[in-house]
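K.L.:
Residues or ranges marked as transmembrane segment in Swiss-Prot: 12-32, 40-60, 92-112, 124-144, 155-175, 191-211.
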Amino acid sequence: MVEQYLSVFLKAVFVENLALAFFLGMCTFLAVSKNVKTAIGLGIAVIAIETITVPANQLIYSLLLKKGALTWVNDYLISTDTYNFAEVDLTFLGFISYIGVIAAMVQILEMFLDRFMPSLYNALGIFLPLITVNCAILGASLFMEQREYPFGESVVFGFGCGVGWALAIMALAGIREKLKYSDVPPPLRGLGITFITVGLMSLAFMSFSGIQL
C-alpha cells in the first residue's frame, strides 16, 4: 500500500509533471515566475487546491457521475420498472462539476489569504482567482478520472501534482532571478529566454520518463 502511494506521488511530481511534461498551467507558470517569493506563495496555493479538489472530485465522480454510481438510489424506490438508476451515466457533467468545486476552493483560499496574508494576496494579484481556470488544476482531476484512482490514491495524486507544479515554478523563478544578472542577447530578453529555459527544464525532466514505478 505504501509503495503504491509512493509510486503515484513520485510519478506525479517527476515523471508526469503537469508543467514540464504536459505543459499545463503555462499562463500562470510564466507570469508569476519572475520572483521566487511570489512563486513559492503560488506554489503552496496550488498544492492546497490540488490536494483538496482532486479527492473531492473523485468522490463526486465515483458517487454521482460515473455509470452505475447512482445504483444506491434504487434502494429507495418502490419499483425500478419505470426507471433504473443503475443505468444512469452522468459523466458528461464532469467538466462543469469539477470546475465548480475548483472555483469554490479557490474562493475560500482567496478569502483566507486576503484576511491573514495580505502581502501575498496583493503579490499574486489577478493570478490567484485565475487558478480557477488554470488547466493544471482541472487537468489533475481529469487524469484522476481517466485513471480511475480510488480515494486514497487521488489524495496522494493531487498532492503530488501540486508539489510537482510548485517545484517547477520555483525552479524557474530561481533561474529567472539569476538571468537578470546575465548577459542575455537583447532579442532573447524577457519571454524569449524564458521559453528556452522552460524547454531545457522540460528536457531535463524527460530523463525521468524511462523510470518504471
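Each Cβ is built from the backbone N, Cα and C atoms, and glycine gets one as well.
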K.L.:
Give me the stretch from 12-32, 124-144, 191-211 with the greatest number of Cβ pairs under 8 Å to the transmembrane segment (40-60).
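P.N.:
Most contacts with the transmembrane segment (40-60): 124-144.
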K.L.:
Answer with yes or no whether the transmembrane segment (124-144) touches the transmembrane segment (92-112) by the criterion of at least three Cβ pairs under 8 A, sequence separation 6 or more.
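P.N.:
These two stretches do touch.
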K.L.:
Counting Cβ pairs closer than 8 Å, which of 12-32, 155-175, 191-211 has the most of them with the transmembrane segment (124-144)?
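P.N.:
Stretch with the highest Cβ contact count: 12-32.
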